[in-house]
Every structure is written in C-alpha cells, then in structure tokens.
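Read through the structure below, which is laid out as structure tokens, and then see the notes.
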Amino acid sequence: MASPVIITAVRTAILLLALLVFLGYIMMWIMMPTDTYYNHWLLHILADTNSTFFGIQGPIMLDFTFPILFIAVLGCIYLHMGKRKSSITESKRDTKLRFLKRPMIVKGLGIITVTELALFTMFIALCVWYFSDYLRHWFKQVPVLSTTRGEKEWESKVERVGLVAGVAGNLCLTFLFYPVSRGSSILPMLGLTSEGSIKHHIWLGNIGMALFTVHGLLYFVYWGFTNRLSELLKWDDHYVSNVAGEISLLCGLALWVTTYPTIRRKMFELFLYTHYLYILFIIFFILHTGIGFACIMLPALYLFVIDRYLRFLQSRAKVRLLSALVLQCQTVELNFSKTRGLSYNPTSTIFINVPSISKLQWHPFTITSNSNLEPETLSVIIKCEGSWTRKLYDVISSPSPIDHLQVSVEGPYGPATTNFLRHDMLVMISGGSGITPFISIIRELIFIRSTLKCKTPKIKLISVFKNFSNLSMLDLILPASSYSSNSSNLDLQIEAYVTREKGNSKGKFEPSRTICFKPNASDEPISPALGPIVGSGLLVARFCGTRSRVPKKLSNFKHTEESTTIKSSEDIELESLPLESVTKSINVHYGHRPNLKRILMEIKESNVGTLVSGPKRYEGGCCSHMLKWAGR
C-alpha cells in the first residue's frame with residue numbers, strides 16, 4: 001500500500017493538472033468572442049480536425065467537451081485516492097488553504113465561502129467580457145446590415161443586442177447543470193458539495209433566464225418595428241428555428257416564475273412539477289440554435305444525464321425500512337437497513353421517496369447515524385414542516401399504524417472530507433430541526449474517541465426550539481449502541497433554548513413510540529450510491545425489537561424562566577449510550593433567544609470551529625455575530 005506522503009503528492013499533481021486543463025478551457029471561452037478566435041484559432045482547429053463524419057460541430061464538441069470529461073475522470077481518481085488516506089491524519093493537518101472555506105455574508109448572495117465568491121466573481125467577469133466583446137464584434141456589422149435589410153441603424157442595433165443576450169445566456173446554461181449533478185466528481189474536488197452548490201444553480205438560472213427573456217423581448221420589438229412579425233412562425237430546418245425558441249422560452253418562463261421563494265415554499269408541488277419543463281426547454285433550445293452551437297453546453301448536460309441515470313438505477317430499488325421512532329414534537333426518526341460496505345461522512349444527506357404519498361417527490365434529509373458506530377443501520381430525522389412531511393408523519397403515527405411502508409432512496413451524498421479534529425473546540429448553533437447534522441458530527445466524534453482513542457475537541461451545542469416538546473430531540477443525539485460511557489467521554493455541553501414558552505410545572509415528556517415494520521422479500525438494504533466511485537456490499541438484514549425511549553432526566557426539568565442546569569447523574573435511562581455519560585451539563589433556558597455575542601465572547605480557546613444550521617434567516621443572523629466575534 002502506498003504511503004500517505006505518496007498519495008498526497010499524487011493527489012496534488014492530479015489537482016494541479018485538473019486546474020491547468022480548466023484554465024485552458026476558460027481561455028477558450030475568453031477568446032471565443034474575439035476576432036482572433038474566428039480569424040485564426042477556429043480556422044486552425046477546423047483544419048487540424050477536419051472530418052467528413054462529424055462535420056463542423058465535431059471540433060467544437062472536442063474543444064468544449066473533452067476538457068470537462070477529462071477533469072471529471074481526474075476527479076474520480078482524486079476522490080478514490082482520498083478514501084485511502086487516514087481521515088484522522090488529514091483532519092489534524094494544518095492546511096494553508098483553509099481560508100478558502102471561510103464563510104462570509106455577502107448582501108444578495110447570502111452565506112458563501114471565499115472559494116464560492118471567487119468563482120462567482122470570475123463567472124460574472126466572464127459574462128461581462130463575453131457580452132461586451134460580442135457586442136463590439138457584431139456592432140461592426142450594423143451599417144452593412146441596416147443597408148442590406150433596408151432598416152434603421154437603431155433597429156439593427158436592437159437586433160444585435162438581442163442576439164448577444166441570447167449568446168450570453170448560453171454561457172449561463174453551460175454551467176447550469178454542474179451544481180445539480182449530485183454524483184459529480186468535479187464539485188468534491190473543489191471542496192464543494194451538491195447540497196451547498198444549489199445556490200449556484202439558482203444564480204445561474206436567474207441570470208440565464210433574464211438574458212433569454214431580454215433576447216426574446218428584443219426580437220419581438222425588432223420584428224414589430226420592422227413589420228416582420230411573420231418571423232414568429234418561422235421554423236428553419238438549416239438555421240435558427242424561431243418557433244422552437246419561443247416554445248423553449250415559454251417553458252423557461254413557466255419554470256422560472258415558480259422558483260420565486262414564496263411560491264416555492266407555499267406551493268412546493270407546483271415548483272417541483274414545473275421544474276420538469278427543463279426537459280422541453282433543453283430539447284427546443286437545441287432545435288432553436290442547432291447542434292453546432294448547442295454542443296458548447298453539452299458537457300454539463302452530459303454529466304447531469306449520466307448522473308440522473310445512475311440515480312434512477314439506484315432509486316428503482318425498494319429499501320428495507322426497519323423501524324420508526326415517533327416523538328411528541330411531531331418528529332419521526334426512520335431507521336433503514338444498510339450494507340456494511342456503505343460508508344459516509346458526517347452531515348451527508350439522502351433523498352427519500354415514498355410512493356404512497358407522491359411518486360415524483362424526492363426530499364433530502366440529513367443522515368444522523370454514523371456508518372462506523374451503526375454499520376448496519378442508516379437513520380434520518382424528519383420533522384413536520386410541510387405537506388409531504390405532514391402526510392408521512394400522519395401515516396406513521398396513526399393509532400393503527402401500517403406494518404410496511406414502501407420507500408426508495410438516492411444517495412448518500414456528502415462532503416469528501418471533514419476537518420473537525422483540527423479545532424480545540426466546536427461551537428454548534430442549531431435552530432429547530434437544524435440540529436440533525438450536528439447529531440451526525442457528535443456521533444462521529446464518539447466513534448473517534450471511543451474506538452480510535454484520539455483526542456477530540458470540546459463541544460458546545462446551542463440548540464434553539466420553539467416549544468418544550470422539541471427538547472425530546474436531544475434524546476436522539478446518541479446512537480442506540482452499546483458503547484461504554486468511559487470510552488466515549490466527550491466534553492459536551494448543551495445549551496437548549498425554548499423561545500415560545502416559559503417554564504411551568506405542567507410540561508412533561510410523553511413516551512416516544514417505536515413502530516417496527518415487517519420485512520418484505522423485495523426490499524433491499526441501502527447500498528453505496530452509484531457515482532464517481534461505485535461500491536458494492538453484502539445484503540445484511542437486521543432484526544428490530546420494540547423499544548420505548550423516555551429521557552427521564554429531561555422530564556424532571558424545573559420549569560422556570562431562568563436557566564435550568566442538569567449535571568451528570570445516574571437517574572437517566574436510555575437504551576442508547578446515556579446522555580450524561582458524554583455530557584458535561586445541559587442547561588435549558590425559557591422565554592428568550594440565546595445571546596450569541598455574549599456566548600461567543602466568553603470562549604477562551606484559540607482555535608474554535610463554529611457551525612450553524614437552521615432556517616435561512618437564523619443562519620444569517622448567527623453568521624453575522626460570528627464574523628464580528630472572529631474579528632475581535
């Protein structure tokens with residue numbers, strides 16, 4: 001087996017090679033609008049790659065498709081070699097490029113890292129250059145065009161601006177599908193995840209549709225002023241088909257309108273189903289522009305289609321749902337059977353489909369289980385926050401529950417590496433169900449502490465809940481395994497805040513209810529996702545026993561508006577590892593939100609990692625406090 005030093009050197013070489021190829025790919029885009037490209041580069045490319053079979057689109061496909069596919073192959077090798085490294089060694093390594101992942105708040109963009117901001121800035125610069133240079137190039141043709149067509153120069157300029165807007169929109173379309181290719185090897189190589197890159201897909205989609213809309217409107221204006229409205233019905237077999245472009249634009253507008261945040265939140269089904277119009281949008285876009293021009297955006301579409309096909313193959317299988325734990329706070333924990341060959345990092349997500357609720361809807365949920373502590377089980381926590389989750393909760397928590405639930409999954413998807421061990425202390429700030437990714441991190445640290453005997457950072461978990469009943473989610477922090485308290489003694493402190501209730505003596509925890517599902521012969525354990533690295537494993541079944549978990553110590557909280565502190569004791573009884581065995585103290589506060597500025601300023605450790613998870617507004621406010629604290 002190669003030493004870690006050799007593996008690191010090879011991965012660095014692969015990363016540099018991929019960067020070099022990508023810079024060459026971007027250089028092609030930079031040069032494309034220039035006279036040099038059309039008068040010199042393109043002529044040499046066509047001469048050197050002349051083919052009677054592929055025609056003129058062959059060289060263009062070669063120039064714009066091969067570099068991306070080559071980078072994707074390098075990414076597969078890079079990620080595969082990364083799995084051979086010790087996660088402990090890598091986590092402890094002090095990387096000089098750590099600042100590239102530092103979050104910041106940018107007005108209009110939200111919370112992004114330095115890497116994301118740099119990529120977005122370069123893309124905007126490329127768009128501006130692409131638009132302005134094409135405009136300069138085609139404005140030179142205005143005098144000749146206006147004379148030939150018998151129209152005014154301003155009318156020809158309107159037509160040229162419309163054309164350039166469409167061409168610039170194609171640039172956005174070229175990069176649109178990279179962020180939504182969940183199994184892509186390109187994003188992890190940049191330190192990004194598909195979940196965190198959805199915002200890039202939104203930005204590209206908004207910019208692209210704005211340009212395509214301007215493109216269509218300017219051509220409507222141009223045809224109207226030049227008395228050529230008959231062009232609206234033109235379908236040219238050899239050049240631009242206007243009818244196809246109009247159909248593509250209508251599909252894009254319908255898709256774009258339903259992405260408005262209010263519509264997406266309140267009418268998610270409408271947003272989801274209209275998003276499938278992207279298929280018609282792409283088909284008619286290609287018919288509108290012709291394959292010779294559309295092939296420029298094919299690399300990302302090709303990777304997306306391959307990724308979508310692999311996801312389809314995985315989603316065809318019906319997975320084995322072992323049990324469901326129903327909590328009083330309208331929350332349910334689903335426990336699936338998985339193969340031992342399936343491993344994933346903390347904060348990974350999985351997409352779940354329940355055909356009895358909706359055959360088309362797939363919803364992502366954070367995996368809370370740990371693949372090392374629980375090698376045969378995969379768990380997710382689902383809280384009622386929408387119509388789909390409400391229907392799922394009603395089905396499972398019904399007084400006469402079903403004995404089998406058909407479920408399909410896609411994933412898991414998550415970060416390629418984690419670097420929690422490089423910190424002296426971790427501060428985790430969660431709002432509501434945002435606690436779920438932190439559960440996976442805590443379980444990972446329990447495994448590292450108990451099995452690998454490595455030093456782990458101190459943990460300060462600040463959880464904010466609306467109601468007292470939501471405190472029952474704290475019972476899910478620890479796995480249902482037999483790790484001893486001595487070997488898993490984390491320095492963990494929990495600060496829980498109940499914002500909409502004040503302490504009272506009536507609040508009590510009701511027993512959680514476990515529902516075990518009967519096995520079905522057609523159900524299979526969850527296997528490794530088909531993606532850049534395809535794995536396989538033995539099908540492992542797990543027998544599920546009935547259990548009822550009640551955090552007794554939590555039920556004895558003193559209900560006051562002041563903080564309630566619970567020290568470690570032997571009063572709590574859980575089937576899982578006792579919460580107090582890894583918890584220094586649990587403080588519960590009623591009737592107010594946490595004073596994050598004060599809490600963060602009281603931290604004395606020098607190397608502190610801060611993680612935030614929750615609603616968008618909550619994350620933004622927390623990050624604002626953190627940035628002020630980091631600059632103190």
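Glycine is no exception: its Cβ is also placed from the backbone N, Cα and C atoms.
The model shown is predicted, which means the values in this text are computed figures rather than measured ones.
Record features, source TrEMBL:
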type	residues	note
DOMAIN	308-419	domain 'FAD-binding FR-type'
TRANSMEM	12-32	transmembrane segment
TRANSMEM	64-83	transmembrane segment
TRANSMEM	104-131	transmembrane segment
TRANSMEM	161-181	transmembrane segment
TRANSMEM	202-223	transmembrane segment
TRANSMEM	243-263	transmembrane segment
TRANSMEM	275-305	transmembrane segment
The transmembrane segment (161-181) and the transmembrane segment (243-263) contact flag, 3+ Cβ pairs under 8 angstroms: no
Residue numbers, six or more beyond the limits of the transmembrane segment (12-32), whose CB comes under 8 Å of its CB atoms: 41, 63-64, 67-68, 70-71, 74-75, 77-78, 81, 122, 126, 129-130, 171, 189
Dominant neighbour of the transmembrane segment (243-263) in 64-83, 202-223, 275-305, by Cβ pairs under 8 Å: 275-305
Tertiary contacts of the transmembrane segment (202-223) (same chain, 6+ residues out, Cβ under 8 Å): 109, 120, 127, 155, 158-159, 161-163, 165-166, 168-169, 172-173, 175-176, 179, 229, 231-232, 242, 245-246, 249, 252-253, 256, 259
Tally of DSSP helical, extended and coil residues in the domain 'FAD-binding FR-type' (308-419): 18 helix, 40 strand, 54 coil
